[in-house]
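Trainee: Here it is: the structure, laid out below.
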Amino acid sequence: MKVGIISLGCAKNQVDTEVMQGILENSNYKMTDDYYDADIIIVNTCGFIDDAKEESVDHILEVAQLKETGKLKVLIVAGCLSQRYQESLKEEIPEIDAMIGTDTQDKITEVISSALKGNYISFYDRLNKIDEQLFLRQPYQPGPSAYIKIAEGCHNYCSYCAIPLIRGGYRSRTIEDIKIEANHFIEKGSKELTLIAQDTTNYGSDIYGKFSLDTLLDELATIPGDFWIRVLYAYPTRITDSLIEVINRHEKICSYLDIPLQHIDDDILTSMNRGGNKEQILNLIHNLRKNIPDITLRTSLIVGFPGETDEKYQNLISFMQEIEFDHAGIFKYSDEEDTQAYNFKDKVSEDVKEQRYQEAWEVQKEITRKKNEGLVGTEMRVLIEEALEDEPTTKVGRTEGHAPEVDGAVIIPDCEASSGDFINVEIVQALDYDLIGEMTNEFS
């Protein structure tokens, strides 16, 4: 039996996809990227915002058509959308043969067996321990970087976010189990471990009684080998002095931090139930740049939140221009059922949201371009990821200031290095988001 998996959404969802792929390969299923040739297709969905939900539904409908045009026998929907819309999704798309939620990847073979017999089945149990599944992971995409999910769920309950409803409360993995998985990836040749969770800085609070990301990083940095460790999804009020010290002390830990702030106006932050205020955020950024002078900072920002007046929006733009984040993701507020913000008044019109979204992107593009221009003439260490398909001698890589998938890249023509090699590159040209470089040394 041939199985295809379509993975949508965030890196955390990709890890879930890799768990299912590993379980299936271990059970002698053959994986395929040719969906017309697949007997079974799993769509691992995202249900975070409207655009993501629409993309997930579109993929499900496209796959459903393969029951007529391909050899498809079974369509399985997994992930956030199936967890959130357990009953209505099957009613609206009857071609779905089975559904599993965000915590039941270990049931995938049982689900397939039942669906092949013509029996509809679904699993939505909430697990407290998922480590055994994670050890079976198989990479969904080729490359030298691996995501390490250090926790599942969230208990921040931001007013606009449905993730706690979808993925449950915060559950940390143990340091021992994470270190075993990290060792596994390094032994298989990974050159970058990217730590992810809904909130990485809350790591350990549930099982160790205190924020323990600093301790985890200390342990991971002792693993032998030449590789990077990167931290994404840090909550601003939980970035401790100890965490900053650990990031600065270890050469393996990238001088990089992703801190989703969402906004800077104090009234909006309060409405978002974010915790913290503008003054605390400014002090944090000052502290980070003072103690890690070469740090790269990324953030995520939401425009068009209910109650965002022109003045409050301009506060956000002024903040972006003052702080000059190296990278930023800009998102339009999306009404999500069953969240506090869904019932808020003073909604911002779609036209105004779109206008603010476009303007904020332009502001950030100019900032990133200026930052990139400042790198021209410098020499940087680059991790090679892949070759361009139509130009195999042109390689694409990233510096420690570029997280996988979400930030820019370094393009290196006439380069003999291979995926997974670290090389030194002189930056010769700056683009809006990417850099052009020339290799200056033998690769390793």
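FYI, residue positions are counted from 1 along the chain as it appears here.
Cβ atoms here come from the backbone N, Cα and C positions, even for glycine.
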Trainee: Hey, Swiss-Prot has [4Fe-4S] cluster 1 bound by CYS10, CYS46. Any idea which of CYS80, CYS154 it lists too?
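Mentor: Matched candidate out of CYS80, CYS154, per Swiss-Prot for [4Fe-4S] cluster 1 with CYS10, CYS46: CYS80.
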Trainee: Count, for each of the binding-site residues CYS80, CYS154, CYS158, the other C-beta atoms lying within 10 angstroms of its own C-beta, and report the residue with the smallest count.
Mentor: CYS158
Trainee: When you measure from the Cβ of CYS161 ([4Fe-4S] cluster 2 binding site), how many other Cβ atoms are you left with inside 10 Å?
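Mentor: Excluding its own Cβ, CYS161 ([4Fe-4S] cluster 2 binding site) sees 22 Cβ atoms within 10 Å.
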